[in-house]
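Data block below; observations after.
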């Protein structure tokens, strides 16, 4: 499933990250609809507004269906046939839509049949792994692998307007397949646009964290076909819905557990072996206290760093570890990215405690 995302880029930067080629091969930037409704956040939850890509043909008659618009929409699809005056009274969860029942449930089948396909944009999404033998859950941040280019020497470049058409080598946004719908209040008022994220069985790399994952559209061709309802039929588009292995992840702090927390700390990598945020009792607690006294609290430049093999074998049962090795190259790029943003932006507010 997918119940929390990060999408923190400023509006103009997000626009450049979504540059594309139209059907004529021309490089373009998507237009915005209701741009003031977009609110960047490191910690987006259902019922908040998130940016989605969709075909311009949904809003402009006779437009080229390959042209794109970015529109902030409510996360959690409100069906067009919903009769209540308050969308929060919807009695079922539409945050996600399973791919194996998408053509069975009216809430999703109807808008899909109308071509209401969208691409949900995010830095990445969060998922929680249940820790065996405890009530704790470890959060992870999941995203596309990031590549450092020779041109930039980092993960940020193309800062000036004249360069956006030539290269975008900043953070690669995660592009998730979604369905949207339009709901009109029975008593009149503004139309509410809302969406759901399609989910599939997890790929092998994520199966230890959760058994479901978003349907990720990997690459420009997949994104174009999913959006272009004028040229690509529903049956053809659904062939794009499947798990992808082109994904990476790292453990993050429990700060993200509280959806009110909106700081870079939400997606910053943490080391599960070093952190040891565990609950224990009795003799287990005393063992953990002993381990804490034997481990240096701060790395000393004169003290050689211990390798993981130096940890006593019997203590491994008390140390949480990632089920799969994190790709440190990608995590390192993320840390550089966060460090640069921290230097450029005001200091974030102190996180709320869970």
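Placement of Cβ uses the backbone N, Cα and C atoms for every residue, glycine included.
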Under Swiss-Prot, the annotation motif 'PIP-box' belongs to which of these stretches: 325-331, 332-338? 332-338
Taking only the Cα atoms, work out how far residue 2 (active site, nucleophile) lies from residue 127 (site 'Required for sensing abasic sites'), in Å, as a whole number. 7
When a 10 Å sphere is centred on the Cβ of residue 2 (active site, nucleophile), how many other Cβ atoms does it contain? 27
